[in-house]
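Chemist: So TrEMBL lists the following for this protein:
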type: DOMAIN; residues: 2-191; note: domain 'Glutamine amidotransferase type-2'
type: ACT_SITE; residues: CYS2; note: active site, for GATase activity
type: BINDING; residues: ASP97; note: L-glutamine binding site
type: BINDING; residues: LEU257, ILE289, SER364, GLY365; note: ATP binding site
type: SITE; residues: GLU366; note: site 'Important for beta-aspartyl-AMP intermediate formation'
Amino acid sequence: MCGIWALFGSDECLSVQCLSAMKIAHRGPDAFRFENVNGFTNCCFGFHRLAVVDQLYGMQPIRVKKFPYLWLCYNGEIYNFKQLQKQFGFEYQTLVDGEVILHLYNRGGIEQTASMLDGVFAFILLDTANRKVFLARDTYGVRPLFKVLTDDGFLGVCSEAKGLINLKHSTSLCPKVEPFLPGHYEVLDLKPSGKVVSVELVKFHSYKDEPLHAACDTVENLPSGSFDLETVKSNIRILFENAVRKRLMAHRRIGCLLSGGLDSSLVAAVLLKLMKEININYPLQTFAIGMENSPDLLAARKVAAHIGSEHHEVIFNSEEGIQAIEEVIFSLETYDITTIRASIGMYLVSKYIRKKTDSVVIFSGEGSDELTQGYIYFHKAPSPEEAAEESERLLKELYLFDVLRADRTTAAHGLELRVPFLDHRFTSYYLSLPAELRIPKNGIEKYLLRQSFEDSNLLPKEILWRPKEAFSDGIASIKKSWFSILQDYIDQQVDDLLLEKAAEKYPFNPPKTKESYYYRQIFEKHYSGQSNWLPHYWMPRWVKATDPSARTLKHYKSATQE
């Protein structure tokens, strides 16, 4: 996890512009480099480093003797760089996993490069010999990337939008900053003036398709075409374990977020098992957050005792949660209601990890709810086919919601997040299964996933079959949810009259509640006029919900009242 930043064709003094690069310093607390491009005085790279792999040669932009005309700035981890080296006979000059991007590009161009990378990434690749700039981002947008491109060819690229919004440019008072689409690469021509022209934007991978890099995966070809339940369950276990194993690549200490729900518990259990197998000589630290006696704390305690992790509990009160709201919204760069609610706990636990422990590489359970139909509203899906379509829509939009939350709340404290549920091979296999296999069954969501691990003894049965708990709610007690605590506080902060006139003040995505109005005010304070970063609020489907909290849904109420 690092912070990348680059400018091409800047009309303003680069020493002034580079102040914007310091807005993302939290992403790389270990080192910083600012470097001009030879022959292009108005082009430069900025890089903030979190040293996870190759402590000696990991600074960027990466340049190697073999390709002196290539410059690479990337944020991410490429898990198959050793397999690619073996397959193609690449001669690496460093231990940096991202060096493989240079070799792949030299061998087969940008399309093959992006398609063959098994990992999470956002990168800027400059080829001065052919005067090309390439941008690319991984399939689910696990690593963030934003860009600004003006009509006259000034290009700015950054890991977070905050590093671009204050750039100076002669022809535009406020250039449009926008997220770079996941699963795409863009080709731009570089003019002698340093300005660029966009040539094409290409989607290189669809999450339903088996990725091109599967051919050189460490897992052999699985039985395919057969949807016999035992075969399916076995394949799910093999691919998930493989997803966790490949993410063990690190020279820094590994930890794991643990809410006590199915997803984070499975990640923690498999992670600890594999760490023992490869003789990692320190205990796995797991981290849970909640208010006193919250459901998440109690469940996480059970899991930690079962798997034998070194468990840490972070207990916070409503005042600490409320005080964190503004800095959380600044970190997130969104005003989405459910994203902000769920981010507060994750932000506070990340803060604790950075201050009190030496864990830096943090595993988490993001992506499972979207992939395996874990949200409670999936019980209301009209048909398995519509449920499958909704699952795909959620995956497509992950970069706007849960993946955004997970990246920004951890990156704000210089931590690197790893999310095995979003492994390319695992997700493409799961999505290839018949729609009726993937739907909730017997009133239980993620039934197939739970069933697949039922005989593994990885988790206590009551955790494996624990119903879905919204993270923003599970951190508080059932009697007084985090949702209710927020409502009580915000009710005093936003006047009724302000809410009545909300649509006039904020015509795009107008706030409908005092809570959403309060968040929007804070967002506009830091990112005025950038409301288009969020195309729509996250809301459940097929139910007449006015709030995204799971606690407002009938299924949840009946389950907690039994």
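Heads up, the Cβ atoms here are built off N, Cα and C, so glycines get one too.
No curator has checked TrEMBL annotations; they are predicted automatically.
I would like each feature placed in context: is it buried or exposed, what are its neighbours, and how far apart are things?
Modeler: Other Cβ atoms within 10 Å of the Cβ of CYS2 (active site, for GATase activity) number 27 in total over all chains.
Counting Cβ atoms from all protein chains shown, SER364 (ATP binding site) has 26 others lying within 10 Å of its own Cβ.
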Chemist: Can you tell which of the recorded positions CYS2, ASP97, LEU257, ILE289 lies nearest to GLU366 (site 'Important for beta-aspartyl-AMP intermediate formation') in space, using Cα positions?
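Modeler: When the Cα distances are compared, LEU257 comes out closest.
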Chemist: Quick check for the class: what is the C-alpha distance, in angstrom and rounded, between LEU257 (ATP binding site) and CYS2 (active site, for GATase activity)?
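Modeler: About 20 Å separates the two Cα atoms.
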Chemist: Note down the number of other Cβ atoms within 10 Å of the Cβ of LEU257 (ATP binding site), including every protein chain shown.
Modeler: 28
Chemist: Could you give the Cα-Cα distance between SER364 (ATP binding site) and ASP97 (L-glutamine binding site), in whole Å?
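Modeler: ASP97 (L-glutamine binding site) has its Cα 22 Å from the Cα of SER364 (ATP binding site).
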